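Following: one structure in C-alpha coordinates, then a few remarks.
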Amino acid sequence: MEKFRVIGSDKPLVGEVTISGAKNAALPILFASILAEEPVEVANVPHLRDIDTTMELLKRLGAKVSRNGSVHVDPSSINEYCAPYDLVKTMRASIWALGPLVARFGQGQVSLPGGCAIGARPVDLHITGLEQLGATITLEDGYVKAEVDGRLKGAHIVMDKVSVGATITIMCAAALAEGTTTLDNAAREPEIVDTADFLNKLGAKISGAGTDTITIEGVERLGGGKHSVVADRIETGTFLVAAAVSGGKVVCRNTNGHLLEAVLAKLEEAGALVETGEDWISVDMTDRELKAVSIRTAPHPGFPTDMQAQFTLLNMMAKGGGVITETIFENRFMHVPELMRMGAKAEIEGNTVICGDVESLSGAQVMATDLRASASLVIAGCIAKGETIVDRIYHIDRGYDKIENKLAALGANIERVS
(Lines of atoms letter the chains of each structure in order from A and count residues from 1; the text may use other names and numbers.)
(Lines give C-alpha, C1' and ligand atoms only; values in the text may rest on other atoms or scores of the structure.)
Protein backbone atom coordinates (compact mmCIF):
# COMPACT_ATOMS: atom_id res chain seq x y z
CA MET A 1 0.00 0.00 0.00
CA GLU A 2 1.41 3.39 -0.99
CA LYS A 3 2.48 5.97 1.59
CA PHE A 4 3.96 9.44 1.69
CA ARG A 5 7.40 9.87 3.23
CA VAL A 6 7.88 13.47 4.31
CA ILE A 7 11.09 14.92 5.75
CA GLY A 8 10.10 18.02 7.69
CA SER A 9 11.94 21.31 7.66
CA ASP A 10 11.77 24.74 9.25
CA LYS A 11 12.24 26.14 5.75
CA PRO A 12 9.08 27.96 4.60
CA LEU A 13 7.09 26.73 1.61
CA VAL A 14 7.56 29.26 -1.19
CA GLY A 15 6.51 29.38 -4.82
CA GLU A 16 3.57 28.99 -7.16
CA VAL A 17 1.09 26.17 -7.63
CA THR A 18 -1.48 25.66 -10.38
CA ILE A 19 -4.84 24.66 -8.94
CA SER A 20 -6.76 21.82 -10.56
CA GLY A 21 -10.42 21.73 -11.46
CA ALA A 22 -12.80 21.01 -8.60
CA LYS A 23 -13.51 17.35 -7.98
CA ASN A 24 -16.85 18.34 -6.43
CA ALA A 25 -17.87 20.00 -9.70
CA ALA A 26 -16.25 17.58 -12.15
CA LEU A 27 -18.00 14.55 -10.66
CA PRO A 28 -21.59 15.85 -10.85
CA ILE A 29 -20.89 17.31 -14.30
CA LEU A 30 -19.67 13.95 -15.61
CA PHE A 31 -22.71 12.21 -14.13
CA ALA A 32 -24.98 14.94 -15.54
CA SER A 33 -23.61 14.15 -19.01
CA ILE A 34 -25.89 11.08 -18.90
CA LEU A 35 -28.75 13.52 -19.56
CA ALA A 36 -27.33 14.58 -22.94
CA GLU A 37 -28.14 12.97 -26.28
CA GLU A 38 -25.04 14.33 -28.01
CA PRO A 39 -21.30 14.38 -27.19
CA VAL A 40 -19.96 16.68 -24.46
CA GLU A 41 -16.43 17.89 -23.78
CA VAL A 42 -15.36 18.75 -20.24
CA ALA A 43 -12.05 20.58 -19.69
CA ASN A 44 -10.03 21.23 -16.50
CA VAL A 45 -11.00 17.84 -15.04
CA PRO A 46 -8.58 16.79 -12.26
CA HIS A 47 -6.66 13.50 -12.47
CA LEU A 48 -8.18 11.66 -9.52
CA ARG A 49 -9.22 8.14 -8.63
CA ASP A 50 -12.90 9.10 -8.28
CA ILE A 51 -12.81 10.69 -11.76
CA ASP A 52 -11.33 7.49 -13.22
CA THR A 53 -14.04 5.45 -11.48
CA THR A 54 -16.75 7.74 -12.85
CA MET A 55 -15.38 7.49 -16.39
CA GLU A 56 -15.31 3.70 -16.06
CA LEU A 57 -18.90 3.73 -14.78
CA LEU A 58 -20.05 5.82 -17.76
CA LYS A 59 -18.37 3.29 -20.06
CA ARG A 60 -20.12 0.45 -18.21
CA LEU A 61 -23.44 2.18 -18.89
CA GLY A 62 -22.59 2.18 -22.60
CA ALA A 63 -21.27 5.71 -23.11
CA LYS A 64 -18.16 6.31 -25.20
CA VAL A 65 -15.58 7.99 -22.96
CA SER A 66 -12.05 9.18 -23.71
CA ARG A 67 -9.52 11.56 -22.22
CA ASN A 68 -7.11 13.61 -24.28
CA GLY A 69 -6.56 16.70 -22.18
CA SER A 70 -10.31 17.19 -21.82
CA VAL A 71 -12.75 14.39 -21.02
CA HIS A 72 -15.02 13.51 -23.94
CA VAL A 73 -18.32 11.72 -23.26
CA ASP A 74 -20.73 10.50 -25.92
CA PRO A 75 -23.80 9.41 -23.94
CA SER A 76 -25.92 8.65 -27.01
CA SER A 77 -25.00 4.96 -26.81
CA ILE A 78 -25.99 4.38 -23.15
CA ASN A 79 -27.90 1.09 -22.95
CA GLU A 80 -27.36 -0.03 -19.35
CA TYR A 81 -29.02 1.62 -16.37
CA CYS A 82 -27.29 0.11 -13.33
CA ALA A 83 -24.24 1.41 -11.44
CA PRO A 84 -22.89 -1.84 -9.93
CA TYR A 85 -21.38 -2.35 -6.49
CA ASP A 86 -17.94 -3.37 -7.76
CA LEU A 87 -17.48 0.06 -9.35
CA VAL A 88 -19.09 2.38 -6.82
CA LYS A 89 -18.24 0.72 -3.50
CA THR A 90 -15.54 3.30 -2.75
CA MET A 91 -17.32 6.39 -4.05
CA ARG A 92 -20.44 7.96 -2.57
CA ALA A 93 -20.75 10.35 -5.56
CA SER A 94 -22.17 7.44 -7.55
CA ILE A 95 -25.65 8.35 -6.26
CA TRP A 96 -25.51 11.21 -8.79
CA ALA A 97 -26.06 8.68 -11.58
CA LEU A 98 -29.59 7.91 -10.36
CA GLY A 99 -31.34 11.20 -11.19
CA PRO A 100 -29.99 11.51 -14.76
CA LEU A 101 -30.74 7.84 -15.53
CA VAL A 102 -34.37 7.97 -14.40
CA ALA A 103 -34.89 11.41 -15.99
CA ARG A 104 -33.63 10.37 -19.42
CA PHE A 105 -34.43 6.65 -19.57
CA GLY A 106 -37.25 6.21 -17.04
CA GLN A 107 -35.19 3.83 -14.94
CA GLY A 108 -31.94 3.60 -13.03
CA GLN A 109 -30.36 1.76 -10.15
CA VAL A 110 -27.27 2.51 -8.10
CA SER A 111 -25.55 0.44 -5.45
CA LEU A 112 -25.65 2.23 -2.10
CA PRO A 113 -22.45 4.26 -2.15
CA GLY A 114 -19.27 4.20 -0.08
CA GLY A 115 -16.56 6.85 0.29
CA CYS A 116 -15.08 8.64 3.29
CA ALA A 117 -15.73 7.28 6.77
CA ILE A 118 -16.84 10.58 8.31
CA GLY A 119 -20.24 9.79 9.73
CA ALA A 120 -23.67 9.35 8.26
CA ARG A 121 -24.21 10.70 4.75
CA PRO A 122 -27.70 9.41 4.05
CA VAL A 123 -29.17 9.28 0.56
CA ASP A 124 -32.64 10.00 1.96
CA LEU A 125 -32.75 13.56 0.59
CA HIS A 126 -31.86 12.33 -2.90
CA ILE A 127 -34.61 9.71 -2.73
CA THR A 128 -37.24 12.10 -1.36
CA GLY A 129 -36.47 14.65 -4.07
CA LEU A 130 -36.79 12.10 -6.88
CA GLU A 131 -40.06 10.83 -5.38
CA GLN A 132 -41.43 14.36 -5.37
CA LEU A 133 -40.61 14.55 -9.08
CA GLY A 134 -42.73 11.43 -9.63
CA ALA A 135 -40.20 8.60 -9.47
CA THR A 136 -40.98 5.35 -7.69
CA ILE A 137 -38.07 4.36 -5.45
CA THR A 138 -37.35 0.90 -4.08
CA LEU A 139 -34.41 -0.44 -2.06
CA GLU A 140 -33.44 -4.00 -2.97
CA ASP A 141 -30.30 -6.00 -2.19
CA GLY A 142 -28.21 -2.92 -1.47
CA TYR A 143 -29.39 -1.05 -4.56
CA VAL A 144 -31.51 2.09 -4.88
CA LYS A 145 -33.86 1.65 -7.85
CA ALA A 146 -35.79 4.52 -9.47
CA GLU A 147 -38.52 4.19 -12.10
CA VAL A 148 -41.06 6.46 -13.76
CA ASP A 149 -43.69 6.00 -16.47
CA GLY A 150 -43.06 8.67 -19.08
CA ARG A 151 -41.31 11.82 -17.86
CA LEU A 152 -40.68 13.10 -14.38
CA LYS A 153 -43.01 15.94 -13.37
CA GLY A 154 -41.92 19.36 -12.13
CA ALA A 155 -42.69 20.11 -8.49
CA HIS A 156 -42.22 22.63 -5.69
CA ILE A 157 -39.66 21.03 -3.41
CA VAL A 158 -38.59 22.39 -0.03
CA MET A 159 -35.50 20.58 1.21
CA ASP A 160 -35.59 19.49 4.85
CA LYS A 161 -31.97 20.54 5.26
CA VAL A 162 -29.32 22.06 3.05
CA SER A 163 -27.60 19.32 1.05
CA VAL A 164 -25.13 19.82 -1.79
CA GLY A 165 -25.54 16.28 -3.08
CA ALA A 166 -29.34 16.26 -3.06
CA THR A 167 -29.51 19.74 -4.61
CA ILE A 168 -27.47 18.42 -7.54
CA THR A 169 -29.57 15.25 -7.87
CA ILE A 170 -32.85 17.18 -7.96
CA MET A 171 -31.53 19.90 -10.28
CA CYS A 172 -30.22 17.34 -12.79
CA ALA A 173 -33.36 15.21 -12.75
CA ALA A 174 -35.65 18.23 -13.04
CA ALA A 175 -33.78 19.44 -16.14
CA LEU A 176 -35.66 16.83 -18.22
CA ALA A 177 -38.90 16.86 -16.21
CA GLU A 178 -42.21 18.00 -17.61
CA GLY A 179 -43.01 21.46 -16.23
CA THR A 180 -41.20 23.72 -13.79
CA THR A 181 -39.45 22.70 -10.59
CA THR A 182 -38.79 25.17 -7.78
CA LEU A 183 -36.20 24.00 -5.26
CA ASP A 184 -36.23 25.91 -1.96
CA ASN A 185 -33.56 25.71 0.76
CA ALA A 186 -31.11 24.67 -1.95
CA ALA A 187 -27.38 24.51 -1.32
CA ARG A 188 -25.42 27.46 -2.71
CA GLU A 189 -21.93 26.05 -3.31
CA PRO A 190 -19.91 27.21 -6.35
CA GLU A 191 -19.86 23.61 -7.61
CA ILE A 192 -23.67 23.72 -7.90
CA VAL A 193 -23.41 26.93 -9.92
CA ASP A 194 -20.84 25.23 -12.17
CA THR A 195 -23.05 22.17 -12.70
CA ALA A 196 -25.99 24.43 -13.59
CA ASP A 197 -23.78 26.37 -16.03
CA PHE A 198 -22.81 23.09 -17.71
CA LEU A 199 -26.43 21.95 -18.03
CA ASN A 200 -27.50 25.33 -19.42
CA LYS A 201 -24.83 25.02 -22.12
CA LEU A 202 -26.53 21.76 -23.16
CA GLY A 203 -29.92 23.48 -23.39
CA ALA A 204 -31.29 23.27 -19.84
CA LYS A 205 -33.20 26.21 -18.36
CA ILE A 206 -31.89 26.62 -14.83
CA SER A 207 -31.86 29.91 -12.92
CA GLY A 208 -31.03 30.87 -9.36
CA ALA A 209 -28.10 28.47 -8.83
CA GLY A 210 -25.93 29.98 -6.10
CA THR A 211 -29.01 31.19 -4.19
CA ASP A 212 -31.27 29.19 -1.90
CA THR A 213 -34.03 29.01 -4.53
CA ILE A 214 -33.29 27.29 -7.85
CA THR A 215 -35.84 27.24 -10.67
CA ILE A 216 -35.63 24.56 -13.35
CA GLU A 217 -37.87 24.72 -16.42
CA GLY A 218 -37.86 21.19 -17.79
CA VAL A 219 -36.93 20.62 -21.43
CA GLU A 220 -37.55 17.58 -23.63
CA ARG A 221 -33.91 16.91 -24.51
CA LEU A 222 -30.38 18.12 -23.92
CA GLY A 223 -27.77 18.36 -26.66
CA GLY A 224 -23.99 18.47 -26.56
CA GLY A 225 -21.57 21.19 -25.55
CA LYS A 226 -18.23 22.20 -24.04
CA HIS A 227 -17.48 23.28 -20.47
CA SER A 228 -14.45 23.99 -18.29
CA VAL A 229 -14.68 22.93 -14.64
CA VAL A 230 -14.40 25.62 -11.96
CA ALA A 231 -11.22 25.77 -9.82
CA ASP A 232 -10.98 23.60 -6.71
CA ARG A 233 -11.49 25.99 -3.80
CA ILE A 234 -10.52 23.32 -1.24
CA GLU A 235 -7.23 22.52 -2.94
CA THR A 236 -6.66 26.28 -3.12
CA GLY A 237 -7.32 26.68 0.59
CA THR A 238 -5.12 23.71 1.46
CA PHE A 239 -2.05 25.22 -0.23
CA LEU A 240 -2.76 28.64 1.28
CA VAL A 241 -2.84 27.07 4.76
CA ALA A 242 0.43 25.27 3.93
CA ALA A 243 1.97 28.68 3.26
CA ALA A 244 0.60 30.08 6.51
CA VAL A 245 1.73 27.28 8.84
CA SER A 246 5.21 27.13 7.27
CA GLY A 247 5.75 30.89 7.42
CA GLY A 248 6.09 31.01 3.65
CA LYS A 249 4.56 32.66 0.62
CA VAL A 250 2.50 30.73 -1.93
CA VAL A 251 0.70 31.98 -5.04
CA CYS A 252 -2.17 29.80 -6.26
CA ARG A 253 -2.89 30.16 -9.99
CA ASN A 254 -6.00 29.19 -11.98
CA THR A 255 -8.30 30.01 -9.06
CA ASN A 256 -10.41 32.89 -7.80
CA GLY A 257 -10.90 34.58 -4.44
CA HIS A 258 -14.69 34.73 -4.68
CA LEU A 259 -14.77 30.92 -4.39
CA LEU A 260 -13.46 30.92 -0.81
CA GLU A 261 -14.09 34.29 0.79
CA ALA A 262 -14.74 32.81 4.25
CA VAL A 263 -11.39 30.99 4.17
CA LEU A 264 -9.46 34.07 3.04
CA ALA A 265 -11.08 36.14 5.80
CA LYS A 266 -9.90 33.62 8.41
CA LEU A 267 -6.38 33.55 6.96
CA GLU A 268 -6.23 37.34 7.28
CA GLU A 269 -7.51 37.04 10.85
CA ALA A 270 -4.72 34.51 11.47
CA GLY A 271 -2.18 37.17 10.49
CA ALA A 272 -1.50 36.37 6.84
CA LEU A 273 -1.16 38.94 4.08
CA VAL A 274 -3.75 37.85 1.51
CA GLU A 275 -3.81 39.27 -2.02
CA THR A 276 -6.06 38.31 -4.94
CA GLY A 277 -6.19 38.87 -8.68
CA GLU A 278 -8.50 37.79 -11.46
CA ASP A 279 -7.16 34.23 -11.52
CA TRP A 280 -4.75 34.03 -8.57
CA ILE A 281 -4.53 34.24 -4.78
CA SER A 282 -1.41 34.66 -2.65
CA VAL A 283 -0.78 34.20 1.05
CA ASP A 284 2.39 35.69 2.54
CA MET A 285 3.29 34.73 6.12
CA THR A 286 6.92 35.89 5.95
CA ASP A 287 8.03 37.35 9.32
CA ARG A 288 4.44 37.36 10.60
CA GLU A 289 3.03 35.78 13.75
CA LEU A 290 0.41 33.09 13.25
CA LYS A 291 -2.65 33.70 15.42
CA ALA A 292 -5.32 31.15 16.32
CA VAL A 293 -8.83 31.70 14.95
CA SER A 294 -12.25 30.46 15.98
CA ILE A 295 -14.31 28.78 13.28
CA ARG A 296 -17.78 27.32 12.94
CA THR A 297 -18.32 25.27 9.79
CA ALA A 298 -21.45 26.08 7.80
CA PRO A 299 -22.96 25.58 4.36
CA HIS A 300 -21.66 27.97 1.68
CA PRO A 301 -21.06 30.90 1.88
CA GLY A 302 -20.03 29.99 5.42
CA PHE A 303 -16.74 28.34 6.37
CA PRO A 304 -16.43 25.01 4.48
CA THR A 305 -16.25 21.78 6.45
CA ASP A 306 -13.66 20.54 3.95
CA MET A 307 -11.21 23.17 5.28
CA GLN A 308 -11.76 22.31 8.94
CA ALA A 309 -8.88 19.82 9.27
CA GLN A 310 -6.38 22.22 7.70
CA PHE A 311 -7.38 25.02 10.08
CA THR A 312 -7.21 22.62 13.02
CA LEU A 313 -3.52 22.22 12.16
CA LEU A 314 -3.17 26.00 11.77
CA ASN A 315 -4.60 26.55 15.26
CA MET A 316 -2.26 23.94 16.72
CA MET A 317 0.72 25.90 15.40
CA ALA A 318 -0.66 29.38 16.23
CA LYS A 319 -0.51 31.63 19.26
CA GLY A 320 -3.62 31.95 21.39
CA GLY A 321 -6.65 29.75 21.77
CA GLY A 322 -8.93 28.98 18.85
CA VAL A 323 -12.12 26.94 18.97
CA ILE A 324 -13.31 25.00 15.92
CA THR A 325 -16.90 23.77 15.84
CA GLU A 326 -17.98 21.22 13.22
CA THR A 327 -21.68 21.51 12.35
CA ILE A 328 -21.88 19.67 9.01
CA PHE A 329 -20.61 16.13 9.60
CA GLU A 330 -20.31 14.00 12.70
CA ASN A 331 -17.09 12.17 13.55
CA ARG A 332 -14.90 14.56 11.57
CA PHE A 333 -12.06 15.03 14.06
CA MET A 334 -10.27 11.76 13.29
CA HIS A 335 -7.20 13.73 12.22
CA VAL A 336 -6.79 15.20 15.71
CA PRO A 337 -5.43 12.06 17.45
CA GLU A 338 -3.05 11.55 14.52
CA LEU A 339 -1.75 15.12 14.82
CA MET A 340 -1.37 14.60 18.57
CA ARG A 341 0.96 11.68 17.77
CA MET A 342 3.20 14.35 16.23
CA GLY A 343 3.14 16.42 19.42
CA ALA A 344 0.12 18.64 18.84
CA LYS A 345 -2.10 19.60 21.76
CA ALA A 346 -5.87 19.47 21.45
CA GLU A 347 -9.01 18.60 23.33
CA ILE A 348 -12.19 17.35 21.69
CA GLU A 349 -15.52 18.16 23.32
CA GLY A 350 -18.45 16.86 21.29
CA ASN A 351 -18.38 18.64 17.94
CA THR A 352 -15.71 21.13 19.07
CA VAL A 353 -11.93 20.96 19.13
CA ILE A 354 -9.83 23.33 21.24
CA CYS A 355 -6.17 23.53 20.26
CA GLY A 356 -3.21 24.48 22.40
CA ASP A 357 -0.20 26.02 20.70
CA VAL A 358 3.09 24.12 20.45
CA GLU A 359 6.52 25.29 19.34
CA SER A 360 6.98 22.46 16.85
CA LEU A 361 5.76 19.06 15.73
CA SER A 362 7.82 15.87 15.53
CA GLY A 363 7.72 13.40 12.69
CA ALA A 364 5.74 10.22 13.29
CA GLN A 365 3.92 7.40 11.53
CA VAL A 366 0.33 8.56 11.04
CA MET A 367 -2.72 7.24 9.25
CA ALA A 368 -5.02 9.10 6.88
CA THR A 369 -8.66 8.60 7.83
CA ASP A 370 -10.46 10.69 5.24
CA LEU A 371 -9.66 12.93 2.31
CA ARG A 372 -9.20 16.33 3.98
CA ALA A 373 -7.71 14.91 7.19
CA SER A 374 -4.98 13.30 5.12
CA ALA A 375 -4.05 16.66 3.61
CA SER A 376 -3.57 18.16 7.07
CA LEU A 377 -1.27 15.27 8.02
CA VAL A 378 0.87 15.76 4.92
CA ILE A 379 1.22 19.49 5.60
CA ALA A 380 2.05 18.72 9.24
CA GLY A 381 4.80 16.42 8.00
CA CYS A 382 6.26 19.25 5.91
CA ILE A 383 6.77 21.45 8.98
CA ALA A 384 7.60 18.76 11.58
CA LYS A 385 11.08 17.85 12.80
CA GLY A 386 12.22 14.57 11.29
CA GLU A 387 10.47 11.97 9.17
CA THR A 388 6.72 11.50 8.87
CA ILE A 389 5.12 8.51 7.16
CA VAL A 390 1.50 9.07 6.10
CA ASP A 391 -0.24 5.74 5.56
CA ARG A 392 -3.43 4.96 3.59
CA ILE A 393 -2.90 7.79 1.12
CA TYR A 394 -5.53 6.38 -1.22
CA HIS A 395 -7.77 8.82 0.66
CA ILE A 396 -5.73 11.78 -0.57
CA ASP A 397 -5.63 10.45 -4.13
CA ARG A 398 -9.41 10.67 -4.18
CA GLY A 399 -9.33 14.45 -3.91
CA TYR A 400 -5.90 15.94 -4.62
CA ASP A 401 -4.25 15.89 -8.05
CA LYS A 402 -0.50 15.12 -7.60
CA ILE A 403 -0.26 16.83 -4.20
CA GLU A 404 3.29 15.53 -3.66
CA ASN A 405 4.54 17.12 -6.89
CA LYS A 406 2.91 20.45 -6.07
CA LEU A 407 4.31 20.49 -2.52
CA ALA A 408 7.77 19.50 -3.78
CA ALA A 409 7.68 22.47 -6.17
CA LEU A 410 7.19 24.69 -3.10
CA GLY A 411 10.26 23.20 -1.41
CA ALA A 412 8.81 20.27 0.53
CA ASN A 413 10.80 17.05 0.83
CA ILE A 414 8.10 14.50 0.02
CA GLU A 415 7.97 11.27 -1.93
CA ARG A 416 5.49 8.49 -2.62
CA VAL A 417 6.75 5.10 -1.42
CA SER A 418 5.35 1.57 -1.37
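Glycine residues also receive a Cβ, built from the backbone N, Cα and C atoms like all the rest.
Sequence annotations record features per position, and here Swiss-Prot assigns active site, proton donor to Cys116 based on sequence analysis.
For the recorded site, Lys23 (phosphoenolpyruvate binding site), the DSSP three-state label reads helix. In sequence order, Pro46, Leu48, Asp50, Ile51, Asp232, Arg398, Gly399 are the residues of the chain that are 6 or more apart from Lys23 (phosphoenolpyruvate binding site) and have a CB within less than 8 Å of its CB. What Swiss-Prot lists as phosphoenolpyruvate binding site is Lys23, Asn24, and the listing cites sequence analysis.
Reduced to three states, the DSSP call for Ser163 (UDP-N-acetyl-alpha-D-glucosamine binding site) is coil. For Ser163 (UDP-N-acetyl-alpha-D-glucosamine binding site), the Cβ neighbour count at a 10 Å cut-off comes to 21, with all displayed protein chains included. Swiss-Prot lists Arg92, Arg121, Pro122, Val123, Asp124, Leu125, Lys161, Val162, Ser163, Val164, Asp306, Ile328 with the feature UDP-N-acetyl-alpha-D-glucosamine binding site.
Here Swiss-Prot flags Cys116 as 2-(S-cysteinyl)pyruvic acid O-phosphothioketal, drawing on sequence analysis.
Remark: Asn24 (phosphoenolpyruvate binding site) has Val164, Glu189, Glu191, Asp232, Ile234 as non-local neighbours, by Cβ distance under 8 Å and separation of at least 6 in sequence. Around the Cβ of Asp306 (UDP-N-acetyl-alpha-D-glucosamine binding site), the same chain contributes Ile234, Leu371, Arg372, each under 8 angstroms and 6 or more positions distant in sequence. Secondary structure from DSSP puts Asp124 (UDP-N-acetyl-alpha-D-glucosamine binding site) in a helix. Among the listed binding-site residues, namely Arg92, Lys161, the Cβ with the most fellow Cβ atoms inside 10 Å is that of Arg92.
If you draw a 10 Å sphere around the CB of Asp124 (UDP-N-acetyl-alpha-D-glucosamine binding site), it holds 11 other CB atoms from the protein chains shown.
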